[in-house]
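*Asks:* Sharing a structure below in structure tokens format, with a few things to ask.
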Amino acid sequence: MKTVMDEKKVVKAPRSEEQIKEKDSVYSIQNFNLWYGKDQALKDIKFEIPEKQVTAIIGPSGCGKSTFIKALNRMVEMVPIVKMSGDINYRGKNIFENKYKVEDLRTKVGMVFQKPNPFPKSIYENVVYGPKIHGIKNKKVLDEIVEKSLKGAALWEEVKDRLSENAYGLSGGQQQRLCIARCLAIEPDVILMDEPTSALDPISTLKVEELVQELKKDFSIIIVTHNMQQAARISDKTAFFLNGEVVEFSDTNQLFSNPTDKRTEDYITGRFG
Amino acid sequence: MQSSVRQMIKDKKEKNQSRAKFMEKLVPGLLLLCAIISVLTTLGIVFTLIVETITFFNRVSIIEFFTNKDWYPFFGDNPDYGIWPLISGTLMITGIAMLVAIPLGLAAAIYLSEYASDSVRRIIKPILEVLAGIPTIVYGFFALTFVTPVLQNIIPSLPIFNALSPGIVVGIMIIPMVASLSEDAMSSVPNAIREGALGLGATRFEVAVKVVLPAALSGIIASFVLAISRAIGETMIVTVAGGATPKLTLDVTESIQTMTSYIVQVSLGDAGYGTTIYYSIYAVGMTLFLFTLIMNLIAQYISRRFREEY
């Protein structure tokens, strides 16, 4: 783990002007609260998530970071006892409004999960699943989508000769990149990643991290991570969650080098969590 | 204190040693005996079937059995022993039953595993299983005294004994089997896979039909095959409501006879021991046994062959 991190630090280029420049926001969260039954999991969340950047969400276990990212594509509603108040605006529209179709939201906001969860189908079928349910049937178009998506997920070279094999024959890291390819296949606007590397080995983690750097040219990425070094390595903005609240949200550089809140400092210096 | 406990254990052990040794040897033997009883019973049944079937084929040629299109064993001097009318009756009942049970059972399974909330599932599943516990004779009377009159309102020419009514009721009887086994197979598909599809903007129905169903296919097909085998072997419903007219037909409104109801008819009637009619029930039973055996083998093969690893 250590060597990979060190390597990465050396490789990492200084931030370009372009990355620092202010951008439009994809998500604007206003006074958002969420309860599981009687337990409040998120309290008065309010911040803006910028476009085409990597926004990291860090914090100790149970601080609500996974809950938060699942609220962004309304996946959190799978839990029957969930209650919410406040607004989450995606591209200026409140996603909790009655007429907002959750399938439309999830078509534009892709998600990569903690554990790789490919379908028990072939590699090819995994990638074309999304385009197919959205009505794309032309075989040639689908073939192109598969190649483009797998290349986008840096998996093409490894699997191009065995697209018809079952996805479960891939390694964990390859499966996770397949899940990213599956997500890219419907060309989303935002990609949510819920601890995408927590089940992966260091080499696979490195590959996914490099991939995230590539992807942010075209997509806005929101990534939940346990790993502070990972947040520091790959993100532009970082939000620090604690007990369901956003303690601090700022540029990653600033948050890690010069945190304004004592609790942030305690966490990133490893005093708790 | 410690040493005294140690001492007590040691004493006990020495005292019980011979008995413990004896029990250790006896218990596996007893358990083996229990296990063997069911195996021996099966072998005994198969043996009886084979011996009596051979006796039957010594009197009636096996060629006639499989080529004659008539089954009139009670025709005094010139009986006909062609199995096909009984097979067609059995398959017709099975076919109707599957037409009822597969769509309804599968729909119920999809609802229970993909849509129903926990509380709804907790109410519906036990009720479904109660349906499976109703004695088949009750279903038989349900077919004869309720379903047949209802059908007669729709098809006025329908005779009291027909294939349609018991076929539908056999279907109703095996719905719980299809629903319950298919639901088990679908529920065991990990949630992570559903989330993956939902995360791509799939609707719940698309998730159910295009992800969960294929992933659970082996279990679902196995449930179909087991249900078919149950329908083939079903006896009381068809005896009560299906009639006793062995006929090589595909007309569901006609009175028919299945293999099982023929066996019942002969067993209850006055065919004397040692007559050809008496032996014929073994030949029919053997045919029935082969049908259900093949079905069960197919079910086993399918659930092994098409198991999707997840």
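Placed from the backbone N, Cα and C atoms, the Cβ positions cover glycine too.
Per TrEMBL, the features are:
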- B:87-299: domain 'ABC transmembrane type-1' (DOMAIN)
- B:26-51: transmembrane segment (TRANSMEM)
- B:83-111: transmembrane segment (TRANSMEM)
- B:123-147: transmembrane segment (TRANSMEM)
- B:159-179: transmembrane segment (TRANSMEM)
- B:211-232: transmembrane segment (TRANSMEM)
- B:277-299: transmembrane segment (TRANSMEM)
*Asks:* Given a Cβ distance threshold of under 8 angstroms, which distant residues of the chain, six or more beyond its ends, lie next to the transmembrane segment (B:277-299)?
*Replies:* 46, 48-50, 52-53, 55-57, 59-60, 65, 73-74, 79, 81, 83, 86-87, 90, 221-222, 225-226, 228-229, 232-233, 259-260, 262-263, 266-267, 271
*Asks:* What residues elsewhere in the chain lie close to the transmembrane segment (B:123-147), defined as a C-beta under 8 angstroms and at least 6 residues from its ends?
*Replies:* 108, 112, 116, 160, 165-166, 168-170, 172-173, 175-177, 179-180, 183, 234-241
*Asks:* Apart from its near flanks, which chain residues at least 6 from the ends of the transmembrane segment (B:83-111) lie with a Cβ under 8 angstroms of it?
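*Replies:* That would be 65-66, 68-71, 128, 163-164, 166-168, 170-180, 182-183, 186, 208-209, 213, 220, 223-224, 227-228, 231-232, 234, 238, 242, 246-250, 252, 256-262, 283-284, 287-288, 291.
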*Asks:* Under 8 Å between C-beta atoms and at least six residues away from its ends: which parts of the chain pack against the transmembrane segment (B:211-232)?
*Replies:* 90, 93-94, 97-98, 101-102, 105-106, 109-110, 113-114, 170-171, 174, 177-178, 180-182, 184-186, 188-189, 193-194, 196-197, 202, 288, 291-292, 295-296, 298-300, 302-308, 310
